[in-house]
Amino acid sequence: MIGSLKLKGNSDAALAIVLLVAAVLFCVLVPLLWPLDPLRGDISATFKPPMTVVGDTLHPLGTDQLGRDLLARLGLGTLVSFGIVLVAALISVVLGTALGMIAGYYGGWVDALIMRLVDIQLAVPFILLILLLVSVLGPSMTNLVIVLGLTGWAIFARVARGRTLEVRELEYIDASRAMGLSDMAIIFRHVLPNIIGPQTVLLTLDLPRLIILEASVGFLGLGVQPPMPTLGNLIGEGRSVILIANWLVLYPGLMIGALVIGCNLLGDWLVRRAESKVS
Amino acid sequence: MKGLRFLLSRAIQGLIVMFGVSLLVFFALFLTGDPAVLMMAPDSTAQEIAEFREAMGFNDPIIVQYGRFLAGALHGDLGNSLRYSRPAMDLLTERLGATALLALSALLWSSLLGFLLGAIAAVRRNSPIDFAIRVISLLGQAVPVFWLALMLIILFSLNLRWLPSSGYGSFEHLIMPSLALGAYYLSAITRLVRSSLIETLGENYIRTARAKGLTEWRIVVRHALRNAMIPVVTLQGMYLASLMGGALVTEIIFAWPGIGRLAVEAIQNRDFPVVQAVVLFAALVFVVANFLVDVAYTWLNPRIRL
């Protein structure tokens, strides 16, 4: 029983790592090594289905309405989307962890204020808030990263606060205080190491939300502007020609699915591992 | 008594949240400095912008403007749509029915099926059925709603020609949007019900029931499901925001005449009073729904009710 459970957990982790490593290799190696230009196409080779050879060039995933190679565009698009999501996630986790630790450590009105900000943040659907901010600031990659990062902090703050409340009660925190350590020193040296683990797990589980959110904004045309490809842009552009070229929508969606399943399996496995360690 | 006090404090928190959202929605327009420039067409002359600024009251002190905005909002007046020259609130209420139909139908089928699949997976855990259900729920959460929607269109509209690819007005029009929107939710509910039921099935009172010789299904239905509902109900409120976000994209794809499409069109047309109205409304729905969740939670959990 225990043996099979362990095996099941490990096969999940193995699948997750295979998916994520494959996706990362794909989005690094294709832009680097694949010779075709993702931004410029061959007007005489539009809407070629996957595995078409035009002249002496092979298009493994076909071409789009401008004759651009989908493999090249998918490679660059995955890289751009994944890059945006990772930087945004980093902003969220740093901001959320800092505010959560401050709320949990100081308590009182600071805590109440930060937690109400969390409630307010979570009350507005992310996509609506992001569309509002992007439409005010103008669509660009920098604005998208900042807005995605600044709107994702709430979950991290809530969890960091909960952990900080537990850690705060431990005896060695009292001891550090008695030794005259400043609040900031205690938070960074003694509280932070205790919550980095749970925050990393949460980050893994939050990445799928960000991947889909970034793709949705791109799909609606309010993300990174064309001709630059992102996973959402590719699907959004392919949507209008879905009648004649469904591969333009199919492959970017499969890539999103692979990334999301990879992150979800990895996150679940990390949660299970953390739980079994505790028990 | 304890339950009432809990609900009262939650209600006050809800009011604070709505106040905060109103600040957010109001000040978002001032992020670039001049809301008049933001709202006017890019080729407007300086004269036109100045006249518009005066007409909209953007020259008043900002606190006066916010006061006016808040007072209006409390009376259901969120200003006029710049594009349609009609109250933003009217545009919103006209579209309300379509979105409610879409969201509630998605919620209904996915909750019912999610409970069923979750319960089967919990009772038959570690069996091939459990594995199959797990794969389904992983896939359901993995793909964005707009991609799933496009795949459904390719399959059911283009290839099989069973369903209309977009539009509104009949049951056939509702099927694909509702399927696409509910898929993510189905996965979430299934996973939640499964894990929550497995936990409950390990409790002592369930062992007692089992010792009495009740069948596993009877135990689940009569004893475990009620307790297993608590975390499921608590998380429903959280999922509502993502459901509304999903509805927005779904409506775009299927040309569904709801609030989501209104919002995206308003954003593309720089019709900010309408955008503000939609954001405020979405937050209100979220806050009210979460309050109802708290009421349900108090009802399901006698420890709080007393």
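Glycine residues also receive a Cβ, built from the backbone N, Cα and C atoms like all the rest.
Now, the feature entries from TrEMBL:
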TRANSMEM  B:12-31  transmembrane segment
TRANSMEM  B:96-123  transmembrane segment
DOMAIN    B:96-293  domain 'ABC transmembrane type-1'
TRANSMEM  B:135-162  transmembrane segment
TRANSMEM  B:174-193  transmembrane segment
TRANSMEM  B:228-254  transmembrane segment
TRANSMEM  B:274-300  transmembrane segment
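Same-chain residues lying 6+ beyond the ends of the transmembrane segment (B:174-193) with a Cβ under 8 Å from its Cβ atoms: 101-103, 105-107, 109-111, 113-115, 117-119, 121-122, 133, 136-141, 143, 145-146, 148-149, 152-153, 156-157, 163, 165, 228, 231-232, 235, 239, 242-243, 246-247, 250-251, 253-254, 256. Among the recorded stretches B:12-31, B:96-123, B:135-162, the one sharing the largest number of Cβ pairs closer than 8 Å with the transmembrane segment (B:274-300) is B:12-31. If one looks beyond the transmembrane segment (B:12-31) by at least 6 residues along the same chain, the residues whose Cβ comes under 8 Å of a Cβ in the stretch are 38-39, 62, 65-66, 69-70, 73, 272, 276, 279-280, 283-284, 287-288, 290-291.
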